[in-house]
Every structure is written in structure tokens, then in C-alpha cells.
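Let me begin by presenting the structure, written as C-alpha cells, before commenting on it.
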Amino acid sequence: TVTTNPNTVMAKHEECVKPVERSGRLTAVLALATLISAFGSSFQYGYNVAVINSPSPYMQRFYNTTYLERYDRPMEENLLTLLWSLSVSMYPLGGLFGSLMVAPLVNKLGRKGTLLFNNIFSIVPAVMMGVSEVAKSYEIIIVSRFIVGICAGLSSNVVPMYLGELSPKNLRGALGIIPQLFITIGILSAQVLGIRNILGNSTGWTLMLGLTGIPAVIELLLLPFFPESPRYMLIQRGDEKSAKKALQRLRGSDNVDAELWEMRLEDQSEKAEGRLSVLTLLSQRSLRWQLVSIVVMNMGQQLSGVNAIYYYADSIYATAGVKQNDIQYVTVGTGAVNVFMTIAAVFIVEATGRRLLLLCGFGICCGACVLLTVALYFQESVTWMPYVSIACVIIYVIGHAIGPSPIPYVVTTEMFRQSARPAAFMVAGSVHWLSNFTVGLVFPFMERGLGSYSFIIFSFICLVTLIYILLVVPETKGKTFLEICQMFAKRNKVEIKLGDGDLPLKESKESLQDAVKVTAF
């Protein structure tokens, strides 16, 4: 066994008979697989985030009326508040449970198989919520919100993983943002349908809740016609024939030897490690800084105050003089800005890189929170200050949409190789949903105790996350998964060992003699 450094490893690789690598293109199969999986899964995540906001007065009236019919007395205000809080908070709690299911499911069922299985957690609660008024049961809504939260927890992790493994490296960033784009479209759709004249009223709210099952049915019908992740089939299932066939369909070409070569190399590098559980992942020295990075970015994404900004937006708009009936339209406008900026991120991520978008996004959010604090403080004393508050909300939404919202999913896919990726997404998803739940639970108390100064805390979190990314997180644009692993090798204080192996490059006589293994200094 010969020990060498990462530079020597790369030189050694180049000495091998490596097929000519071509830039991947967006084929019809890849585009449709992306759109169907993102619409069928990610759209629901966003839709269910916002779906109960507009019809909340009518839903709470239903809770009270149902209680009155059961017990011949009106519901106490504290009990109504508790039940409504449960209706809201069960969603992120279900998301946390869904995230804990990611690793075992994607390893057992595959990426596509897990997405198909996950539709159970959407269709069943959609039917339950749709019939809740007829059944005269608010308990059904609370349980359904937990179940559909499991769906969101799974989809928010599995869709980026699936698309990251389907995509060629030159499109991985752009396609990795598509799930976040559909999340924002889901939020906007719920906001539009929640307008009083559409479904956000006393007769339409059950239909509005039940519509979440439609994307799931579409995905269940169409996704089976598209390939499973080639990396999953080759590296975890050892089915090279199916992996090659899937890759040829995705690339629209028979010449996929370069990508298969890279997959085989990754496969050889992981044979000694085997499939990593979460506990094993936490103890892996070679993955230490990758793990810390995804935890920091996912905490920063949720603890940066994005949900609080949305929560506070209606109050800001009302103070600015927007009529109560018009606030819903302004909120829809804010959602549209979010969608537009996420679309922009899809087109610029491969040009600017992931790191720059993260730095710019957290920087904009940090500055917007500081300015919003000042604007809210002077809002009642300076006549034009409410308009500054509205501008700060919009600027914050823009900043979050280009970096903190979409990029952590992309980077989580890229920082880990095949054996560690399911466990890494399980950790990242758990941190994401736990932070989401924490903000929803703590922010009302922060608002009551600190008022406008709450956003100083969010500004500080954005600043800390920005500094960490600046110092630790490298640019991963255009790199293979193995190259990214090598970029972290020095920081993790590990080096690369080359071990003897015999790995065929093609069905011909060509072979790859070296396999990569990671060991500590």
C-alpha cells in the first residue's frame, strides 16, 4: 500500500485509462424526472406550510362549533389556543419524524422507491382533512397535520438527494435548487387559494386542505416510468447493468463511461467503510467538518428568522397603512417575489457557485434584519418609516431566496459520498425541522418580550453563519463527489491511501488499478 497526498491521488487518477468526460445536458428524461418528483413531493411541503394561514379564523370557528355541539358549552379560549397551536406545530414535528426515517428508507427502497412510498403520507391525510368537517372532528386535522409533516420531512431530504444523484455535475446546482423552487411555488399557491374570494372562506377551507393529495397522485402515476438513481443501483445494489441503462436514458447517449468510471472509483473507495449509520457518521474523522458544516447551514437557514419574517409581515403591512382586506394580496406579492428570486438562483448557481450565493444571501438577511429593527422602532414616529419596513421584508425575502433557502440542500448532497449521504441527510433534515419547530415555538414569546429587537437575534445568527461559511465551506461547483471529499481532507487531518484493486472501466479489457481509501494521519 502506497500512502500519498490528495494531489498525488489526482495525478495518479489521470494516469489511468479514464474515458473522455463530457458536460452533461438537460435531456427530456432528466427534466421530466426533476419536475415530476419536485411537483409531487416538494410542492406539497411548501403548500402545507402556508395552507392553514388564511382559513385559520374559519378553522378555529369549526373547532369551537364542534366542541359546543359535543359538550353544550363553548370552548375556553386557552383550550382553543392550545388546539390551534397543535394544528400548526404538528407539521414541523411530523417533519422531524420524517427526517429520522430518511436513511433506512432510501437504503432499503431506493430514492425513487422512497418518494413513491412517501405518497401514502400525503394521500391519506389529504382525505382525512377533506372529510374533517363532515366527520365533525378537529382531532382528525391535528393528526393529519402530523402525518403530512412526515411526508414533508421525507420529501425535503429525499428529492434533493435523488436529483443530485441523477444530475451531471455541471447541472447539479441548478437542478438541486428545483425542489426549493417548488416549495416556494407551493407556498404561493396556498396563498393564492387562500384569498377570501377563492377557497380561504367558510365553505372552501376543507377542499383547500384536501388538495395536497393531488400532486401525490400525479407523482404516484408518473414517477414509476423514470429511472432510479444510477449511483444507488451501482454502488449500493451492485447492479451495474441497470445503472448503465438508467444513465444512458438520463444522458440521452450511449457514451456514459466517464460517469460510470467515477461511480466505480467511488464504489471502490467506500468498500472498506460500508454503509454508514448516523452513529458511525458522527464518529468518522474524515467527515467531521462536512457534518459540522451541514448542521451549521441548516440551523442558520431556519434560525435566521425566515418564518418569523413571514409571521410578522401581516403586522408590518397593517402598520404601514395597508387595508386589512388588501394584506392578503400584498402577502401573495411577497410570495411571488420569493418564487421569482428562487428561479433566478436556478439560473445563476452554476455561474456564481454555491459559496458566493450563501455568503450574499446571509449577508443580505443580516443587513435587512438590522434595518428592520430600526424601521420598526421608528415606525410610529416617522411617517415614511412603515414603507422602509415593507422594503426590509422584501429585501430579506430576496436574500433568503437566493442562498439560505435552496443552497444547503445542494451542498448536503455534494459534501458526502454514497455510503454517507443517507445518514447525512437524516442529520441535516432533523436539524432543519427541529430548528423550524423551535422558531415556531419560541418566536411568539420573543415578540412579546423583545418586540422589534427580536430581529437583532436573527441578524446575529445570520452573521455567525456567514462567518462560518467564509472560513470553512469550500466551493463545490463543478467538482465530483470524490474531489469534494479530497478538498476536506486537509481540514479533517486525513490523507488518501491508494490500495490495490482491480476495477473494470468498461466491458472491454480496460481496468482501473487504484481504489481510494481515507485514513487519519
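Backbone N, Cα and C define each Cβ position, glycine as well.
Listed features, source TrEMBL:
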- 28-47: transmembrane segment (TRANSMEM)
- 34-477: domain 'Major facilitator superfamily (MFS) profile' (DOMAIN)
- 82-103: transmembrane segment (TRANSMEM)
- 115-134: transmembrane segment (TRANSMEM)
- 140-163: transmembrane segment (TRANSMEM)
- 175-199: transmembrane segment (TRANSMEM)
- 205-226: transmembrane segment (TRANSMEM)
- 291-312: transmembrane segment (TRANSMEM)
- 327-349: transmembrane segment (TRANSMEM)
- 356-378: transmembrane segment (TRANSMEM)
- 384-402: transmembrane segment (TRANSMEM)
- 423-446: transmembrane segment (TRANSMEM)
- 452-473: transmembrane segment (TRANSMEM)
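Only sequence-distant pairs (6 or more apart) were considered; of these, at least three Cβ pairs between the transmembrane segment (115-134) and the transmembrane segment (28-47) are under 8 A, so the stretches are in contact.
By number of Cβ pairs under 8 Å, the transmembrane segment (205-226) is matched best by 28-47 from the list 28-47, 140-163, 175-199, 356-378. Taking every listed stretch (28-47, 82-103, 140-163, 384-402, 452-473) in turn, the largest tally of C-beta pairs under 8 A with the transmembrane segment (291-312) is reached by 452-473. Same-chain residues lying 6 or more positions outside the transmembrane segment (452-473) and placing a CB less than 8 Å from one of its CB atoms are 289, 292-293, 296-297, 299-300, 303-305, 308, 355, 358-359, 362-363, 365-367, 369-370, 372-373, 376-377, 404, 411, 443, 446, 491. Of the two recorded stretches, the transmembrane segment (28-47) does not lie close to the transmembrane segment (384-402), with fewer than three CB pairs under 8 Å once pairs fewer than 6 apart in sequence are set aside.
Counting only same-chain residues 6+ beyond the ends of the transmembrane segment (175-199), those with a CB under 8 A from a CB of the stretch are 30, 34-35, 38-39, 41-51, 53-55, 155-156, 159-160, 163-164, 166-167, 205, 207-208, 211, 325, 328-329, 331-332, 335-336, 338-339, 342-343, 345-346, 349, 401, 405-407, 409-410, 413.
Listed as Cβ neighbours of the transmembrane segment (82-103) (distance under 8 Å, sequence separation of 6 or more from its ends, same chain) are residues 48-49, 52, 56, 59-60, 63, 75, 114, 121, 138, 141-143, 145-158, 277-278, 422-423, 425-426, 428-430, 432-434, 436-437, 440-441.
Within the same chain, residues 297, 300, 304-306, 316, 345, 348-349, 385-386, 388-389, 392-393, 395-396, 398-405, 407-408, 411, 451-453, 455-456, 458-459, 462-463, 465-466, 469-470, 473, 475 sit at least 6 positions outside the transmembrane segment (356-378) and bring their C-beta atoms closer than 8 Å to a C-beta of that stretch.
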